[in-house]
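First up is the structure itself, then whatever we jot down about it.
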Amino acid sequence: MKPQTRNTVVRMDPDTFFYNFYNRPILSHRNTVWLCYEVKMKTNDPSRPPLVANIFQGQVSFNPEHHAEMYFLSWFRGNLLPACKRSQITWFVSWNPCLYCVAKVAEFLAEHPKVTLTVSTARLYCYRKKDWRRALRKLSQTGARVKIMDYEEFQHCWDNFVDNQREPFEPWNALPKHYTLLRITLGEVLRHRMDPVTFTYNFTNDPSVLGQHQSYLCYKVEHLRNGTWVPLHQHRGFILNEASNSVSFPEGRHAELCLLDLISFWKLKQAQRYRVTCFISWSPCFSCAEKVAEFLQENPHVNLHISAARIYDYQRGYKKGLRRLDRAGTPISMMKYSEFKHCWDTFVDHQGHPFQPWEELNEHSQALSGRLQAILQNQGN
């Protein structure tokens, strides 16, 4: 039976928007799915506008006919598809689509190769369950772009889909932190990998290469089972530091602190032992080293191993910070050839190409290792 569409013409109430699009990663009692859509199209019909935007409301129920995604597909097929040559569809959704809806979206996109779809979701629904993780991967594999809503998209929805009475969008305090956690989690689920050029440029340990102002952190997690460290493949990925932004992320957040947020978010069992290994393009600054040491003291079931490509020495106190980590029982070392290769094989979208070391990689690694040991032994203050 063809689902009856409900196309909400009236803009969303502000309280409805804040309640349903609040991006706290774990939320209950949100049983309504809101789908704000925009369709940019090329058409031979001059009476049709080039941009159509509106809202569908659906339910998180066992009957997928009542899901907002199904309403949209039915509406689009009946109203726009016959007149469209090319269409760019964007969904801003409060929850990501279920496996059934993903299958229907995949069929739709396969039937209409000139239609593209971007799904930007405020939250991830049941992302720890295998079926829902598989649904997200399948959605991405259909060619749809899947992403987490960022500050600009929340503001865009506020401006275009909410009866805001000309009031500006006021983000909740935890929006940036929640966004970062969800973005990294989605990267884990979709098994995102780093671009090869990005890896080589940011992880090179050649001191003559300048301009690496960002910090990348690759991580993997193992837990101790019967005396053996067993990989937790669902917790493996890479993190980029959140740059400071006067609007969306005023304070910024270093990659190490994003990792601590993520470990807390995983809710690892206190009765088990875990080992987190991170390969980072810059060693931690003093402030991050202090916070990492405090975190490990509060979470004795977690061990952290740090291997850095370069020593971050642009701020005072970096030596003290490295020694603080060492005293906290965190092994810290400089990356060697084997670790660069491991990162290339594990975290980089290398398309089957082997790791090609840059000139004097081993020499730079040895020099940096000697410098790190001198710091940890408190030589030269």
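Heads up, the Cβ atoms here are built off N, Cα and C, so glycines get one too.
Residues annotated as active site, proton donor in Swiss-Prot, with sequence analysis given as evidence: GLU256. Neighbour count (other Cβ atoms within 10 Å of the Cβ, all protein chains): 26 for GLU256 (active site, proton donor).
Taken residue by residue with DSSP, CYS101 (Zn(2+) 1 binding site) is part of a helix. Residues or ranges marked as Zn(2+) 1 binding site by Swiss-Prot: HIS67, CYS98, CYS101.
The number of other Cβ atoms within 10 Å of the Cβ belonging to CYS285 (Zn(2+) 2 binding site), over all protein chains shown, comes to 21. Annotation source Swiss-Prot lists Zn(2+) 2 binding site at HIS254, CYS285, CYS288.
Taken from Swiss-Prot, the feature domain 'CMP/dCMP-type deaminase 1' applies to 29-143.
Swiss-Prot lists 211-325 with the feature domain 'CMP/dCMP-type deaminase 2'. Mean model confidence of the domain 'CMP/dCMP-type deaminase 2' (211-325) amounts to 91 (pLDDT, 0 to 100 scale).
The DSSP secondary structure for THR32 (phosphothreonine) is strand. The Cβ of THR32 (phosphothreonine) lies under 8 Å from the Cβ of ASN20, GLN57, GLY58, GLN59, VAL60, SER94, each on the same chain and at least six residues away in sequence. The phosphothreonine feature in Swiss-Prot is assigned to THR32; the stated evidence is similarity to another entry.
According to Swiss-Prot, the feature region 'Essential for cytoplasmic localization' maps to 1-62.
The region 'Necessary for homooligomerization' annotation in Swiss-Prot covers 206-333 and rests on a curator's inference.
The region 'Interaction with DNA' annotation in Swiss-Prot covers 310-317 and rests on a curator's inference. For the region 'Interaction with DNA' (310-317), the DSSP-based tally of helix, strand and coil residues reads 0 helix, 1 strand, 7 coil.
Annotation comment: Swiss-Prot describes ASN241 as site 'Interaction with DNA'. In the three-state DSSP classification, ASN241 (site 'Interaction with DNA') falls within coil. Sequence-distant contacts of ASN241 (site 'Interaction with DNA'), defined as residues of its own chain at least six apart whose C-beta falls under 8 angstroms from its C-beta, comprise GLN214, SER215, TYR216, LEU217, GLY252, ARG253, HIS254, ALA255, CYS258.
Among the recorded positions listed (GLU256, CYS285, CYS288), GLU256 has its Cα nearest to the Cα of CYS101 (Zn(2+) 1 binding site). Cβ proximity to the Zn(2+) 1 site centre (mean Cβ of HIS67, CYS98, CYS101, cutoff 8 Å) flags the following additional same-chain residues: GLY58, PRO64, ALA68, GLU69, MET70, PRO97, LEU99, TYR100, VAL102, LYS104. Cβ environment of HIS67 (Zn(2+) 1 binding site): VAL33, GLY58, GLN59, VAL60, SER61, PRO97, CYS98, TYR100, CYS101 lie under 8 Å away, each six or more residues apart in the same chain. Sequence-distant neighbours of CYS288 (Zn(2+) 2 binding site) (same chain, six or more apart, CB under 8 Å from its CB) are HIS254, GLU256, LEU257, GLY321, listed in sequence order.
For CYS98 (Zn(2+) 1 binding site), the number of other Cβ atoms no farther than 10 Å from its own Cβ, over all displayed protein chains, is 20.
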